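Enquirer: Before I ask anything, let me first share the structure, which is written out below as structure tokens.
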Amino acid sequence: MPSLLRLRGTAGTASLLAFVGLLYVLPIIMIVYGAFRTAAPGLPGEWSMDGFLEAFSDARTYSTLGNSLWLAMATGIGATSLAVVFAWIVSRTNAGLRRMVTPLMVVVLAMPPLFFSLSWNLLGTPKFGLINQLLGAIGLPDTLLSVGGRWGTWFVLCLKICGLGYFILIGPFLAMDRRLEEASLVAGGSRLATFVRINVPMMAPAVLGAFIINFIIGLIAFDVPLIIGKPSGFQVLATQIYAFVTNDTPPDYAAASALAMVFILAVVVLVAIKWRLLDRRQFTTLSGKGARPEPWDIGRWRWLCNSFVLAYAVLAVALPTVQIVLGSLQPLFGVQRGYSLDNYRALLADPTVAPALWNTAQLAFFGGLLAVAISLLLGIVGRHASVGLRRTLELATWLPWAAHGIILGLALVWAFLTVPFLKPLFGTVWIVLLGLVIASTPLASRTTDAALAQVGRELEESARVSGASALRTAVGIVTRLILPACVAAWVITAIQIAGNLEVPVLLSLPTNETVAVMVYQLNTRGETVQAAALFCLVLGAAALGALLLAVGSGLRRLLRRRRLAPPPPIVAESLPAAARRPAPGFVAAARANSKSRTDLLLGDE
């Protein structure tokens with residue numbers, strides 16, 4: 001029997017590793033394969049270095065490489081600085097709006113990058129954007145603000161991704177023991193010296209880890225540079241890869257794959273550095289009793305912190321939402337009169353819109369569900385696996401960062417047109433679904449892993465001792481305990497999938513287009529108000545779905561509280577007279593019992 005169990009365990013591990021390899025490792029292998037082939041995916045060709053020669057002999061490559069490095073560095077610094085400020089406000093101050101920061105960051109992270117790109121592209125349009133029209137109304141030039149180009153791309157990207165750095169930093173900031181700072185102050189150090197000598201060294205590993213993540217996102221960004229930067233001439237490597245595939249005739253897949261390899265190598269090195277930093281970090285700021293996590297009373301500076309939080313809420317949520325809703329109601333973009341629902345009527349009358357909405361709904365629903373299910377499976381298996389297997393599974397959920405977005409789409413093109421048993425699926429909705437699931441796994445895994453970390457191992461051990469199987473324990477105990485977190489991960493992942501442009505822009509065909517691709521095409525053709533209306537339809541549907549889930553969850557909690565509530569006390573007046581009278585002998589027995597207790601306390605025999 002032990003040998004049979006070992007055989008079953010070995011077979012299960014091999015099957016799991018094969019599944020993980022097919023889903024996450026194969027796309028990266030296919031990128032490397034494609035960089036050395038002379039023919040397009042699926043066609044006979046030869047091994048060659050021509051892809052590298054074409055990519056790196058093109059003058060555009062070096063300018064876009066410089067732009068990508070600049071954007072990555074600037075985004076890393078800007079987004080990490082914002083994250084540090086917000087983490088400090090929440091963990092160390094008594095600002096009134098500090099409790100608003102975490103929900104705000106969740107909302108911003110859940111918003112698709114395409115929504116941010118399109119809304120800020122409208123907001124910052126000279127003369128016609130909402131901000132410029134407001135500036136013109138108060139006597140300032142209505143061409144003062146323009147988000148196009150290098151700095152606009154950086155600004156919008158920092159607003160979008162600083163939330164990720166915030167969630168990396170908030171834990172270490174909350175865990176920091178304030179007594180270390182007080183000891184420095186008692187020793188005669190100033191506030192500035194305390195910050196430099198105490199806070200900075202303690203937080204340096206976490207801040208550097210957040211910087212590396214933001215640097216990677218800036219390096220691989222596609223939506224924001226494509227919508228905001230490219231029309232003004234600001235190209236990055238991701239948009240250059242897209243141009244090799246879509247603008248060149250015939251498409252230069254080898255050169256695109258060669259550039260993608262630069263991305264993959266850079267991201268793998270940066271993620272390895274981040275892991276090493278976080279693994280070697282010692283949380284020496286944690287202490288036992290005596291730690292005082294109460295915030296500082298910052299006095300009159302509270303207004304500055306509150307203003308900072310409020311400004312971010314306006315710039316990251318309020319203004320983009322208002323602009324895209326107003327734009328969807330305008331007859332022409334920037335015309336502040338004649339608001340109507342004509343754009344929505346035109347979209348609903350378009351025979352191509354309904355299939356795109358239906359495709360997007362299916363992909364968001366099932367893609368989010370599959371991404372969360374896979375993340376949960378890998379997380380549960382990793383809890384009980386060896387260190388090596390656990391590291392392998394964790395690495396698998398990070399690999400999509402190395403082949404992110406447009407690179408993942410290119411990798412799947414190579415895989416589905418080159419591998420014989422995958423070729424029949426090319427051009428179907430299944431390849432788009434697979435790409436979106438792979439791209440969404442890192443986001444879903446971070447949520448499910450955090451929830452699993454809160455479930456004690458003793459609960460699983462108790463279930464196994466009681467005779468429950470591993471499957472029943474995983475489904476009936478662990479999954480039920482973290483079900484709210486899984487539902488939240490499903491909603492956030494589904495919203496991200498609905499707005500994902502990077503994967504379907506290369507993998508979808510006119511028969512299975514998504515809303516994101518259609519929005520990009522409408523915006524490219526100058527039909528901006530229709531693009532805004534189409535995005536509003538998707539966001540409205542997502543908000544309605546999230547609201548229904550929230551209401552259902554609230555009703556479920558209410559019914560559970562009622563079911564677990566103790567029964568109401570029995571009121572004596574509601575009983576019949578016979579029931580209110582004590583039974584014969586009850587009073588005498590009670591008195592005797594009371595006397596015996598008293599004698600025992602007094603020591604009488």
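Cβ coordinates come from backbone N, Cα and C, glycine included.
TrEMBL feature annotations, pasted as is:
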type     : residues : note
DOMAIN   : 65-274   : domain 'ABC transmembrane type-1'
DOMAIN   : 357-550  : domain 'ABC transmembrane type-1'
TRANSMEM : 12-36    : transmembrane segment
TRANSMEM : 69-89    : transmembrane segment
TRANSMEM : 101-120  : transmembrane segment
TRANSMEM : 151-175  : transmembrane segment
TRANSMEM : 206-228  : transmembrane segment
TRANSMEM : 253-273  : transmembrane segment
TRANSMEM : 309-333  : transmembrane segment
TRANSMEM : 363-383  : transmembrane segment
TRANSMEM : 395-419  : transmembrane segment
TRANSMEM : 425-444  : transmembrane segment
TRANSMEM : 481-499  : transmembrane segment
TRANSMEM : 531-555  : transmembrane segment
Enquirer: With an 8 Å cut-off on Cβ pairs and a sequence gap of 6 or more, do the transmembrane segment (309-333) and the transmembrane segment (425-444) reach 3 or more such pairs?
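Expert: Since fewer than 3 Cβ pairs under 8 Å link them, the transmembrane segment (309-333) and the transmembrane segment (425-444) do not come into contact.
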Enquirer: Go through the chain and flag residues at least 6 beyond the ends of the transmembrane segment (253-273) whose CB is under 8 A from any CB in it; none is fine as an answer.
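Expert: Distal contacts: 28, 31-32, 34-38, 40-41, 48, 50-52, 54-56, 58, 61, 65, 212, 215-216, 219-220, 237-238, 240-241, 244-245, 398, 401-404, 407, 410-411, 413-414.
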Enquirer: Do any residues of this chain, six or more beyond the ends of the transmembrane segment (151-175), have a C-beta under 8 angstroms from a C-beta of it, and if so which?
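Expert: Tertiary neighbours of the transmembrane segment (151-175) are 71, 74-75, 78-80, 82-84, 86-88, 90-92, 101-102, 105-106, 108-109, 111, 113, 116-117, 120, 124, 202-203, 206-207, 209-211, 213-214, 217-218, 221, 224-225, 228-229, 232, 234, 283, 285-286, 293, 312, 315-316.
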Enquirer: Please report, as numbers and ranges, the same-chain residues at least 6 past the borders of the transmembrane segment (363-383) whose CB is under 8 Å from any CB of it.
Expert: 16, 20, 23, 389-390, 393-394, 396-397, 429, 432-433, 436-437, 440-441, 443-445, 447-449, 452, 457, 474, 478-479, 486, 489-491, 493-495, 497-498, 514, 542
Enquirer: In the same chain, which residue numbers or ranges, 6 or more beyond the ends of the transmembrane segment (425-444), come under 8 angstroms Cβ to Cβ?
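Expert: Distant Cβ neighbours of the transmembrane segment (425-444) are 23-24, 27, 42, 359, 362-363, 366-368, 370-372, 374-375, 397-398, 400-401, 404-405, 408-409, 412-413, 416-417, 489, 492-493, 496-497, 500, 502-504, 507-509, 511-512, 514.
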Enquirer: Counting only residues 6 or more past its boundaries, what in the same chain has a CB within less than 8 Å of a CB in the transmembrane segment (12-36)?
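Expert: Same-chain contacts beyond the flanks: 47-49, 51-52, 253-254, 257-258, 260-261, 264, 374, 378, 381, 385, 389, 392-393, 396-397, 399-400, 402-403, 407-408, 410-412, 414-415, 418-419, 434, 438, 441.
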